[in-house]
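> Shown below is the structure under consideration.
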Amino acid sequence: MQGTPPTMKIIENILKNHFSQPLSQNISALTNNYITEVQNFFPLSKNTNLVVGQILNFQKIQGSQKLNLVEVNTGTKVVKIVCGASNLQNGKKVIVASEGSFLEGINATLKNKKIYGVFSEGMLCALEELGISTKFLTPQEQEGIYLFDDPNDQIALGSNALIPLGLDCFILELGLTPNRVGDLLSHLGFAKDLKAVLSSQSSNNNQETKSTNYKTKNSEDQTNPDFFANLPQSPLKVQIENDSCYEYNACILENIKIKPSPLWLRNALLQSGINPINNVVDITNLILIEYGIPLHAFDSENIKQIKVRKALPQENITTLNQNDFVLDENDLVITDGKKAIALAGIVGLLESSIKPTTTKIILEAAYFSPQTIAQTCQKLKTKTESSLRFERGIDQSLIPLAFQKACQLLVTLADGKITYQPVITKQKNRTNPTISLNLDFVTRKIGVSLCPTQIKNWLLNLDYQIHTSKHLGPQNKNEQLNLQAPLRRYDVKIKEDVISDLTRLYGCHKLPPQTIQIPTQGKLTLKQKNIRELRKLLVNLGFYETITYSLISSEMFEAFTPQKPFIKIMNPLSQDKMILRQSLLSSLVEVLSYQHKRQTFDTAFFEIGKTYFPNQETLSLAFALNGHFLNSLWHKQDVSSSFFVTKGILEKISAFLGITLTYQKTQQHSNFHPGMQANLLFNNQIIGVIGKTHPQLNTKYHLKESFLCELFLTDEILNTTKTFTFQPIPKFPTVIRDLAFLVDTKYSFYQIEQTIKQTTPFDLIKCELFDVYQIPKTKEKHSLALRLFFHNLDKNLEKQDVEHCMEKITSNLIKHFHIEIR
């Protein structure tokens, strides 16, 4: 499957859980300059001036059946508000909008006014009036105004009402480059990078000071070793039968109550592009976006064991979103010992999904091989939030933390009870390669002299492991460090990747500009010039350039280059893109077919691109014509595309390249008309083909009559230096004679032309074919009309000289081709 790199929405309320200090006010600029591109930065809610109030009492307004006058304590004063909600309750805390408040749901700024003769000092708000969609609200939340559930009286009167709703925060949308999808597709991954940036900023004034000003919260980023203490051993058996599963953790939770998640959790998921489902599934999705660790929960009523194995050949599964798939032994499944209950790392199955009646679950946290997950997703043409993270690589060291955090939330938000210790089965740990980094090399690459201690501190802030313990002072610039990137960083493999991280922390925008030191001024090579000028020539001739994929289908390959060794992609994106092309004509036929299906005719396209063979790549030029080549308003007749027009364009190209091509009649190309195709020869080597499309090809690809030509642009051709020979202006006139004759169709004009030139090598300067006439009664002969140009630089040709030449030409043509003069 092919797609653009994903974006990641960072939610302030989740991000600040991982910082012990308030977040920087210029977080957007810091992110854009030091981490990755910021695509958007905006407040989660546009609502303003909303506070928490408490209903003291309410009474009906005289003359109205629904309206009540409500006395509300806003913490600083008591206000009277007219409200028509049916769910008013004394003592309940509510959302109060006063004069000047802006409500996103109704897109209005409030003003105090009289209603039924009673002055109203604001408005009590429903969630819908705050712009929250009712689709994911409970029936109770949709009924009237919103009533805070605050049994412990933790929400202060007069405080910002958006805070307990989880709406008082910003959204930072990251545009992720492919190499950073793995570690920045989570709040914790971004928090760790942001911590490194903030720490490096605080140490810029004192390079020798260690950067320890910004730390992530221990309570959020470390496991509690006592959380599962004093629990009995689990009866659940876990067995891993495949190396693609490095680690599998499972925990049984009982007494689960399936219900909607708290509003703050639903809002967080919605802002991340994930629809809330129920509290259990929502908790696993929260862990997904916060820690980057995919989890899965099974309804475990009938599950006694977990077995991770390869899928069986032709094994059928139905996913929880009711998609049916047929698997093979290259896929990985989670089973209950007998049947599959999940497609590993991608999606759960319908039978074991969480239902409204579920009371007992098994929570799964595992590490699966990125290659295995990616191959299965490509084959099945499916992708999920979980598979995206697994195939890009997750941080295996975070699995225990994410697993424990999910268990805590299941106890808190789903009334779950952990009755047994989790089952932890680990086969192996993923490691990053050790990289040797020379500090002098860092300076040369970045172009800025960095203090060795500063380099070390920056690497430590980024969670690199440095395996050298030597003191890094100002004089040790040539010291070599052996280090490893953190497990979340799958993109750091060589020393240049490490230098890229150091450059980010320094700030690419702060790198001083330097003049490039090169011995000579750069210029285009002769080959590059010829390619560029060739493009201009074809555009000036009325062609449109196309740029097509290098990958084609096996069907298209067989049509143009059958029975040849080819290069096939191991994991093609689709069946239409699986073989590297050996001819540009296959791509041009697809372009013509696309145009003709949309009733676009009279087209002329060309492409200059690479073709691929087992041992080499070749640059080629191909062009295609169909319909009218020239649509003229000034001439009486349009110029239609034909074999001769195509040949004329090719002659223009060969003249531009300074080469002489010869034509060899052939019938070896099945996609061309058998009577109208020729190989192109240069120095007696076949370097191309020209011809008219075969009627069967036209039918198959919905083409009108078209003409194609392809020419291999070898280095010899492109590196040919065009030479120009200047001649004086002729002093003597040119003599022109026409010659028409009947000749067998088996003889080509090229053969006849060569014979004529050999007969009069000096005075004949040009031979043109200006008419061809097919005899109606026979297909064996046709009439050719030639125009011959005679000229001599040294003298004026006499009539008898020209007649003598014409006699020699005629006799030679009769001798070799048995012509009949007309």
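Yeah, the Cβs are placed from backbone N, Cα and C, and that goes for glycine too.
Straight out of Swiss-Prot:
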BINDING   D491, D497, D501  Mg(2+) binding site
DOMAIN    44-162  domain 'tRNA-binding'
DOMAIN    430-513  domain 'B5'
DOMAIN    730-822  domain 'FDX-ACB'
REGION    201-224  region 'Disordered'
> When DSSP states are grouped into helix, strand and coil, how many residues of the domain 'FDX-ACB' (730-822) land in each?
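Across the domain 'FDX-ACB' (730-822), the residues distribute as 30 helix, 33 strand, 30 coil.
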> Based on Cβ atoms within 10 Å, give me the single least packed residue among the binding-site residues D491, D497, D501.
D497
> Using DSSP, what's the helix, strand and coil tally for the domain 'tRNA-binding' (44-162)?
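Residue counts for the domain 'tRNA-binding' (44-162) by secondary structure: 12 helix, 49 strand, 58 coil.
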> Please classify the secondary structure at D491 (Mg(2+) binding site) using three-state DSSP.
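DSSP assigns D491 (Mg(2+) binding site) to coil.
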> I need the neighbours of the Mg(2+) site defined by D491, D497, D501. Which other residues of that chain put their C-beta within 8 angstroms of the C-beta centroid, in sequence order?
N179, A485, R489, V492, K493, V498, S500
